[in-house]
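Chemist: The active site, proton acceptor annotation in Swiss-Prot covers Lys165, His284, and the record cites sequence analysis as its basis. Per Swiss-Prot, substrate binding site is recorded for Asn113, Thr163, Lys167, Arg285, His317, Ser369, and the stated evidence type is sequence analysis. The Mg(2+) binding site feature in Swiss-Prot is assigned to Lys191, Asp193, Glu194. Among the features that Swiss-Prot reports, N6,N6,N6-trimethyllysine is placed at Lys4, with the record citing sequence analysis. Taken from Swiss-Prot, the feature N6-carboxylysine covers Lys191, and the record attributes it to sequence analysis. As annotated by Swiss-Prot, site 'Transition state stabilizer' applies to Lys324, with the evidence given as sequence analysis.
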Amino acid sequence: VGFKAGVKDYKLTYYTPDYETKDTDILAAFRVSPQPGVPPEEAGAAVAAESSTGTWTTVWTDGLTSLDRYKGRCYHIEPVAGEENQYIAYVAYPLDLFEEGSVTNMFTSIVGNVFGFKALRALRLEDLRIPPAYAKTFQGPPHGIQVERDKLNKYGRPLLGCTIKPKLGLSAKNYGRAVYECLRGGLDFTKDDENVNSQPFMRWRDRFLFCAEAIYKAQAETGEIKGHYLNATAGTCEEMIKRAVFARELGVPIVMHDYLTGGFTANTSLAHYCRDNGLLLHIHRAMHAVIDRQKNHGIHFRVLAKALRMSGGDHIHSGTVVGKLEGEREITLGFVDLLRDDFIEKDRSRGIYFTQDWVSLPGVLPVASGGIHVWHMPALTEIFGDDSVLQFGGGTLGHPWGNAPGAVANRVALEACVQARNEGRDLAREGNEIIREASKWSPELAAA
């Protein structure tokens, strides 16, 4: 058979409905919206081709490799219920297409090029199945949930945090003071805002020093281990590591990184440094909505969450669930479990397209943050359970009596909810009552 040039249909090569997926394949679920007149099989096959071995035409060099061994395959297509001309295309990628231990390379391959494809109106990556063989090439979170609890000596309850506000404009000294008040009042952690890096009004080194002072003072006075997420995010990887090194020299327990704006390569480097040096790593997802907000285009956050667990982080922001729609709650809990658990069953009602086995990669604590306050505490305790970080920014600093009483109010509310739950009370039904009872004993909570 001679070599035959020319453009050909992708589906002839890349649509293989009878393919049996291998345990080592990376599986992807894409939400495909084809252009009018493009059949779904062709659209699904085009995605498989462009994100693996294909190009728009047959090339002579195809004969020098084994396409069967290296090509992505669209092995199943199903229409999306209730949506016109929208399909879920399942694609299987051979493991050899990806560099070991590189989230960066995985994304470059799977989502690098296909999203601008002419034959598609829109494309969204809904889920990825990471095979154990690939997961094992990643270090993952620097420490994970269990090690973090042992380091902090805090068990049987969610952890409490607070983002220091106003996020921009405070001097380092005043910033450290706010940190001290919150930790002294009863929080476990305070947090640099994601856009606090090293600006003219507060350089990073000054902030690190005053926050460390606040941590040590609060620890001495409360007898509890405290932390402040020192944001090490910087303009270069070298500068980021320099800040992490300084944090380690100060002896603080945790640093922070913006993993999407900072990039996966920088994040993985920082995660490796953190494991080697006993630092916990808090991850903020600034920029995620740019990627995950559109329902029919982009990447679903559950994929970004899986990628973070592979790249490495001990905490990650994951939405609050409270006050959102019922469906959102199930979807959010789906990726919260993907972050924490070792083995997660496929469950389409929670948006989980594939069974995921993490083979003992450490878990990540989900962080609920943004617009929550003490009256949400029962719901948050019930929804997220013990393995979570609950962050009240304005909900702490907005207390009429100040920061420390705001922290006291949150801690009292949390302890009351945990105690009530352990006594078998129904937090969903009696939540407000539980908070009201607790506020009889805590003027700070009553004032909140």
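Going from the start of the chain as shown, residues are counted 1 onward.
Cβ atoms are placed via backbone N, Cα and C, with glycine included.
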Chemist: Just counting, how many other CB atoms are there within 10 A of the CB of Ser369 (substrate binding site)?
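Modeler: A count of 22.
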Chemist: For the recorded Mg(2+) site formed by Lys191, Asp193, Glu194, which further same-chain residues have Cβ atoms within 8 Å of the site's Cβ center?
Modeler: Thr163, Ile164, Lys167, Asp192, Asn195, Val196, Tyr229, Asn231, Met256, His284
Chemist: Taking only the residues the record lists as binding substrate, namely Asn113, Thr163, Lys167, Arg285, His317, Ser369, what is the largest Cα to Cα distance between any two of them, in Å to the nearest whole number?
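Modeler: Taking every pair of listed residues, the largest Cα separation comes to 37 Å.
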Chemist: Would you mind reading off the Cα separation of Lys165 (active site, proton acceptor) from Asn113 (substrate binding site), to the nearest angstrom?
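Modeler: Each residue's Cα considered, Lys165 (active site, proton acceptor) and Asn113 (substrate binding site) end up 39 Å apart.
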Chemist: How big is the Cα-to-Cα gap, in Å, between Asp193 (Mg(2+) binding site) and His284 (active site, proton acceptor)?
Modeler: 9
Chemist: Which of the listed recorded positions (Lys165, Lys191, His284, Arg285) has the least company, meaning the fewest other Cβ atoms within 10 Å of its Cβ?
Modeler: Lys165
Chemist: Can you check which residue among the binding-site residues Lys167, His317 has the largest number of Cβ atoms within 10 Å of its own?
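Modeler: By the 10 Å Cβ neighbour count, His317 comes out on top.
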Chemist: Hey, how far is His284 (active site, proton acceptor) from Lys191 (Mg(2+) binding site), Cα to Cα, in Å?
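Modeler: Counting only the Cα atoms, the answer is 10 Å.
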Chemist: According to DSSP, which of helix, strand or coil covers His317 (substrate binding site)?
Modeler: strand
Chemist: Within 10 angstroms of the C-beta of Thr163 (substrate binding site), what count of other C-beta atoms is obtained when all protein chains are considered?
Modeler: 24
Chemist: At 10 angstroms around each C-beta, which of the binding-site residues Asp193, Glu194 has the fewest other C-beta atoms nearby?
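Modeler: Candidates: the binding-site residues Asp193, Glu194. Fewest Cβ atoms within 10 Å: Asp193.
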